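I'd like to ask you about the structure that follows.
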Amino acid sequence: MSTFVDDYPEESKIVQASLAVAFVALGIGAFFGLIQALHRTNVLRIFSSVDYYTLLTGHGVLLAIVFTIFFLVGLFTWAVTKSLDRPAPDIRLTWAWFGLMTTGATLVAVAILSGLFPSIPMSADVLYTFYAPLQAHPVFYIGLAMFIVGTWMAGADWFLAYREWRGENPGERIPLQTFMVLTTMIMWYIATLGVAVSVVVFLIPWSMGLVDSVNPLLTRTLFWYFGHPIVYFWLMPAYLLWYTVLPKLAGGRLFSDPLARVVFVLFLLLSTPVGIHHQYLDPGIAEGFKFIAMTNTMFLLLPSLLTAFTVVASMEHGARQRGGEGYLGWLGALPWRDPAFTGMALAGLMFAAGGFSGMVNAGMNINYLVHNTLWVPGHFHMTVGTAVALTMMAGTYWLLPQITGKKVYSRPIGLLQVVMWFVGMVFMSNAMHRGGLLGIPRRTAEPQYTNFDFVTAVGSIGEIRMQIALGGTLLFLSVVLFLFNVAATWADDRTETPVDDYLPEPLSGPSGSPVVLDNLALWTGIAIVLVVLAYTLPLASIIGDAGLFGSSGGFPATVTLDGLVRIIAGVMG
Ligand code: HAS
Ligand code: CU1
C-alpha cells in the first residue's frame, strides 16, 4: 500500500526538510527555556543576568517564530498536496521559499546568538516582539524580512496549486484542508503587511543609521497589528489537525465540515482588528480605540468556542463507535495509548484553560492587573506553548510515517513524552499565573526585587518558584525524548508496514452548506474593511501626535475631529 512519500516523493522531501528545521529550532529554544526557568527562579545560574535577555530573545524567536512556522509550512504542504491530490505546481518554487525562509531564519539566529560573544559586533537583544525603542543589528531585521517573504511565496505556491485544481474541478467544494490553508494564508497576508511596513520602512533604515529616530508607538502598534493574528497563524495548524486528524484518531469522523469552514472564515475576519488589546496600557492610544479592540476580541472567542464544541463532539462520536457509553464514561473508550491522540487531546484540554486566561487578558480593566506580569507568559505557554506546540509534536507521530514510510521508533516513549509535557506545563503555567497575580513581573532576570516581599494568600513565593523550575525541567526533558524519538525514526530503515493515512469523511459534509462559505474573495474584502475601520483612526492619531519618524515631542491621548482633518491633510501632502 503506498503512502504520501511514495505518491509525492519530492513534496515529502520538502515536508521533511521543514520539519527538520523546526525541530532544530525546538531543541535549541527549549534548552534556552530551561536555562531561563532555572535562572529566574534562582535554582541554577550559568549565564549572567545581562545575557538573560539574549537567551530570552533566542528562546522566543526560535520557538514562537521558527519552530512553529517551519512546522506550519511542512504541514500545509502535506495538507494541500494530499487534499487536492496533486503535486506542487513547480517544485523549484517550493524549494525557493524553503531556501529563503531557512536563510532568513539562520541570519536571525546568528544575529541573536552573537550577543553572547562580546568580540562579535552584532546583537539583537530585542525580545521576540522586536519593536522600538529596542534596536537590533540590521542583519536581524533583514533575516526577518527574508523569512516573511519566504512565507508569502509558500502561500503563493499553495494558491497556484489550488488554481490548477480549480481549473480541472469547476464547481466543486474546496477540499476542507486546502480551505483551511487558504483562509489562514489570506489572514497572514493581511497581518504581515503591518510588520513588513514596520521592518522595511522604519526599523531597517533606523538600525542602519539612515534615519535618526522612529516613532516607538507607531512601530509597537504596527507590531501588534501583526502580533495578534500571528497567534492564530500558530493555532490554525493545530486546528487543522484537531478538525481533520483527531476525530479519526479517536475512532470516528468530524462532526461538521460546514462548521469548520465557518470557524476558519471567522478567524480570517476577526484576527486582525483586535491587536490593540496588547496595548491597553499604552499611553497615546485613546480609550475608545481600546474599547473597540476589546469588543472585537470578545467576538473572536466565538470560533474557538465553536471549535471546542465540534472537536469534543467528534471525539465523543469516535469513543461511542469504540463502544464507549454514559455521560462521561465514553472518555475511557478513547485511544489513550496512542501518543498522537493523547498529545492532541491534552493540548486541547490545556487550551480550554489557556483560552480562559486569554479572556481575562482581553478585559480592558482586568488587563491592568495582569499586564507585564508573569501571568502573560503563563497564558501563552498554555496556548502557543501547549495547544500549538504539543499538537505539533503529537501530530508528528502521525505524520512522520507518511512522509518517511517508516514506523515511529517508540510509541511508549512518545506517550511518556506528551504526558510529561502536559504535567510540566501544569506546574509551570499554573505557578506563572499565580505569580503574575501577585505582581511578579515578566521579562526580567531578577524578579525578586530587593527590600520588597510579594505577599501570597496561598502558598509561598518559594513554592511558586520551585513549581516553575520543576515544570521547566520536565518540559525540557520532554523535548529531549521527542527529538530522540524523531531522530531514531528518521535513522531507521524503511520496513514494509502499511501506513494508516486514511481520513474519513465528516458526518455532515460540505454539500448541503451555503456555497458562499467558499467565496474567498468576499471574505477577504470584508476582512480588509474591518481592518481599515479598526486601524485608520488610531494610526492617524499616532502619526499626528509624534510624526512618522517620531519628530515631534507631543503625546496627547485623544484625537479630535479638527486634529484628524489636519493629519489627513498632512498625509495627502
Ligand atoms: Fe493570547 C497575550 C487574549 C488566544 C498567544 N497571547 C498573548 C501573548 C501570546 C498569546 C504569545 O486580550 C503574549 C504576547 C506578548 O509577548 O506580550 N489570547 C487572548 C484571547 C484568546 C487568546 C482572547 N493567545 C491565544 C492563542 C495564542 C495566544 C491561541 C497562541 C497560539 N492574549 C490575549 C490578550 C493578551 C494576550 C488580551 C495581552 C495580554 C497583555 O496584557 O500583554 C482567545 O483566542 C482564546 C479563545 C480560546 C477558547 C478556548 C476554547 C477551547 C478549546 C479546547 C477544546 C478541547 C479539546 C480537547 C479539543 C475560548 C478549543 C478536549 C479533551 C478532552 C479529553 C475531552
Ligand atoms: Cu492578542
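Quick reminder: no glycine exception, Cβ is built from N, Cα and C everywhere.
Feature list, courtesy of TrEMBL:
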| type | residues | note |
| --- | --- | --- |
| TRANSMEM | 19-39 | transmembrane segment |
| DOMAIN | 19-509 | domain 'Cytochrome oxidase subunit I profile' |
| TRANSMEM | 59-81 | transmembrane segment |
| TRANSMEM | 93-120 | transmembrane segment |
| TRANSMEM | 140-160 | transmembrane segment |
| TRANSMEM | 181-204 | transmembrane segment |
| TRANSMEM | 224-246 | transmembrane segment |
| TRANSMEM | 258-276 | transmembrane segment |
| TRANSMEM | 288-312 | transmembrane segment |
| TRANSMEM | 340-360 | transmembrane segment |
| TRANSMEM | 380-400 | transmembrane segment |
| TRANSMEM | 468-488 | transmembrane segment |
| TRANSMEM | 520-543 | transmembrane segment |
How about long-range neighbours of the transmembrane segment (288-312): same chain, 6 or more residues beyond its ends, C-beta under 8 Å?
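Distant Cβ neighbours of the transmembrane segment (288-312) are 239, 242-243, 246-247, 254-256, 259-260, 262-264, 266-267, 270-271, 273-277, 279-280, 348, 351-352, 355, 359, 362-364, 530, 534, 537-538, 541.
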State the non-local partners of the transmembrane segment (340-360) in its own chain: residues 6+ outside its ends, Cβ under 8 Å from one of its Cβ atoms.
238, 241-242, 245-246, 249-250, 301, 304, 308, 311-312, 315, 334, 366-367, 370, 375, 378-380, 382-383, 386-388, 390-391, 393-395, 397-398, 414-415, 418-419, 421-422, 425-426, 429, 433
Could you pull out which residues elsewhere in the chain have a CB under 8 Å from any CB of the transmembrane segment (224-246), counting only those six or more residues past its ends?
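Contacts of the transmembrane segment (224-246) (Cβ under 8 Å, skipping residues fewer than 6 from its ends): 64, 68-69, 71-72, 75-76, 79, 129, 176-177, 180-181, 184, 187-188, 190-195, 198, 254, 260, 263-264, 267, 271-272, 274-279, 307, 310-311, 314-315, 340-341, 344-345, 347-348, 380, 383-384, 387-388, 391-392, 394-395, 398, 503, 535.
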Could you pull out which residues elsewhere in the chain have a CB under 8 Å from any CB of the transmembrane segment (181-204), counting only those six or more residues past its ends?
76, 79-80, 130-132, 135-136, 138, 141-142, 144-145, 148, 151-152, 155, 158-159, 162, 174, 211, 214-215, 218-219, 222-223, 225-227, 229-230, 232-233, 236, 240, 264-265, 267-268, 271-272, 275, 520, 523-524, 527-528, 531, 549
Under 8 Å between C-beta atoms and at least six residues away from its ends: which parts of the chain pack against the transmembrane segment (380-400)?
15, 19, 22, 26, 63-64, 67-68, 71, 75, 78, 231, 234-235, 237-238, 241-242, 245, 249, 339-344, 346-348, 350-351, 353-355, 357-358, 406, 408, 411, 414, 417-418, 421-422, 425, 428-429, 432, 482, 486, 489-490
Determine the mean pLDDT over the domain 'Cytochrome oxidase subunit I profile' (19-509), rounding to the nearest whole number.
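So the average pLDDT across the domain 'Cytochrome oxidase subunit I profile' (19-509) works out to 96.
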So which residues does the transmembrane segment (520-543) touch in its own chain, when a touch means Cβ under 8 Å and the partner is 6 or more beyond its ends?
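Contacts with the transmembrane segment (520-543): 182-183, 186-187, 190, 215, 217-218, 221, 225, 265, 268-270, 272-274, 276, 284-286, 289, 292-293, 296, 558-559, 563-564, 567-568, 571.
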